[in-house]
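Engineer: Have a look at the structure that comes next, please.
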Amino acid sequence: MRRFFGTDGIRGLTNKVPMTAEVAMRVGMAAGAHFLRGDHKHRVVIGKDTRLSGYMLENALVAGFTSVGMDVVQVGPMPTPAIAMLTRSMRADLGVMISASHNPYQDNGIKLFGPDGYKLSDADEAAIERLLVEEPRLADATHIGRAKRIDDARGRYIHAVKQSLPQMVRLDGLRIVLDCANGAAYNSAPTVFWELGADVVAIGVEPNGTNINDKCGSTAPALLQETVVASGADIGIALDGDADRLIVVDEKGSIIDGDQIMGLIGASWARQGRLKGGGVVATVMSNLGLERFLEGQGLRLERTKVGDRHVLERMKEGGFNVGGEQSGHMILSDHATTGDGTLAALQLLAELVAAERPASELLHQFDPVPQLLKNVRFAGGKPLEDKQVLAAIAEGEAALNGRGRLVIRPSGTEPLIRVMAEGDDAGEVERVVDMICDAVRAAV
């Protein structure tokens with residue numbers, strides 16, 4: 001069983017194992033040793049979001065990587081997809097992003113990317129886990145790595161993201177409210193939209209180390225909704241702490257989630273002959289309404305386990321180029337190797353410009369069926385193996401059979417059991433979710 005790696009790298013509470021300086025240094029040693037392949041000069045790119053603990057973890061990782069003979073390029077606060085892009089662009093052996101995504105500042109995490117810009121495979125993560133508990137293979141004094149900061153990384157990323165749009169597409173005349181969650185994109189995303197001609201109202205762009213995702217960003221869109229309406233904006237865009245996801249708000253203040261965005265881009269790209277794979281890849285959490293909408297367009301919805309890495313794996317296997325999650329992760333593999341909120345927003349805005357219709361008309365592609373998600377916290381044990389819980393799940397599945405879906409799973413990042421049900425009958429959906437949640441609480 002893995003001790004450190006979860007569904008999205010290594011994550012935890014700062015200064016508690018595994019998110020300590022000591023563990024971070026050993027991660028640098030282990031990952032560095034694993035990727036010391038060939039006789040070229042080895043290099044790792046390290047970026048971070050704006051959490052206070054990022055400084056501590058960055059220095060620990062630098063010490064670990066250089067101690068085994070790897071050079072380090074430090075790029076400072078940058079979106080997660082920027083690290084993936086820079087890793088490929090700089091021909092680095094490895095990329096590291098220090099972030100806990102949408103979590104509060106007390107948490108932090110370490111995400112690793114291979115030289116191809118994709119998140120590491122299960123096999124690579126397992127190999128690094130093994131090396132973490134072994135005696136590190138340190139370089140001799142003449143082969144210790146060097147660390148260097150570069151100042152133009154932000155400009156490289158901004159240029160690459162803008163290149164995803166055709167040269168003739170401009171955002172002139174659009175007023176956009178952009179919420180950067182006081183996170184990694186605070187100094188890149190506003191520039192992207194401004195350089196393309198938009199009138200940008202930026203919020204969440206004053207990070208202080210402890211205000212990342214604090215009442216702002218994609219998981220707390222109330223401020224964005226209020227600002228869009230108050231400023232008379234055409235659209236609002238909220239990124240999360242590491243800018244790999246987005247949530248959109250139309251000019252009336254209504255929220256558009258990842259399902260609606262996937263539906264719009266998938267259907268539009270299909271009409272343009274740009275869609276690959278004959279459909280869209282999403283997770284088991286995406287709304288049944290999206291599936292029905294795509295079927296009506298002659299497209300299919302491929303479902304995976306929760307997590308953008310599972311979405312990307314299926315996209316690569318099936319030759320798809322559009323995938324994502326209801327939470328706002330958008331993977332557009334013609335342009336990026338991982339989810340990129342800024343890039344996805346540009347593709348969405350290109351559709352808005354071309355349609356010449358209000359966001360409230362264009363972005364509501366379908367009516368979602370009633371869906372309810374509740375979380376039950378547990379301290380330990382295996383509540384999903386409890387007989388009463390299993391009986392409640394079976395009863396819920398029988399009740400929704402043919403009229404909805406039921407998904408019960410443990411969170412990959414927190415001690416939670418997530419219970420989701422959806423169907424045409426909102427009352428029945430709520431009854432099923434509450435019944436299963438009660439059974440889980442009784443079991444723990």
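Placement of Cβ uses the backbone N, Cα and C atoms for every residue, glycine included.
From Swiss-Prot, here are the annotated features:
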- Ser101: active site, phosphoserine intermediate (ACT_SITE)
- Ser101: phosphoserine (MOD_RES)
- Ser101, Asp240, Asp242, Asp244: Mg(2+) binding site (BINDING)
Engineer: Per DSSP, Asp240 (Mg(2+) binding site) is which: helix, strand or coil?
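Structural biologist: Coil, per DSSP.
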Engineer: What are the sequence-distant neighbours of Asp244 (Mg(2+) binding site), meaning same chain, six or more residues apart, C-beta distance under 8 angstroms?
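Structural biologist: Expected: Pro79, Thr80, Pro81, Ser101, Asp308, His329, Thr338, Gly339, Asp340, Gly341.
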Engineer: Any same-chain residues 6+ apart from Asp242 (Mg(2+) binding site) with CB under 8 Å of its CB? Would you list them in sequence order, or say none?
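Structural biologist: Listed in sequence order, they are Asp49, Pro79, Thr80, Met97, Ser99, Ser101, Gly183, Ala184.
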Engineer: For Asp240 (Mg(2+) binding site), which residues of its chain lie six or more apart in sequence with Cβ-Cβ distance below 8 Å?
Structural biologist: Ser101, His102, Ala181, Gly183, Asn213, Gly217, Ser218, Thr219, Leu246, Gly328, Gly341
Engineer: Let me know the DSSP-derived helix, strand or coil state of Ser101 (active site, phosphoserine intermediate), please.
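Structural biologist: SS state of Ser101 (active site, phosphoserine intermediate) = coil.
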Engineer: Which chain neighbours of the Mg(2+) site, leaving out Ser101, Asp240, Asp242, Asp244, have a Cβ atom within 8 Å of the mean position of the site's Cβ atoms?
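Structural biologist: These residues sit around the Mg(2+) site: Asp49, Pro79, Thr80, Ser99, His102, Gly183, Ala184, Leu239, Gly241, Ala243, Arg245, Gly339, Gly341.
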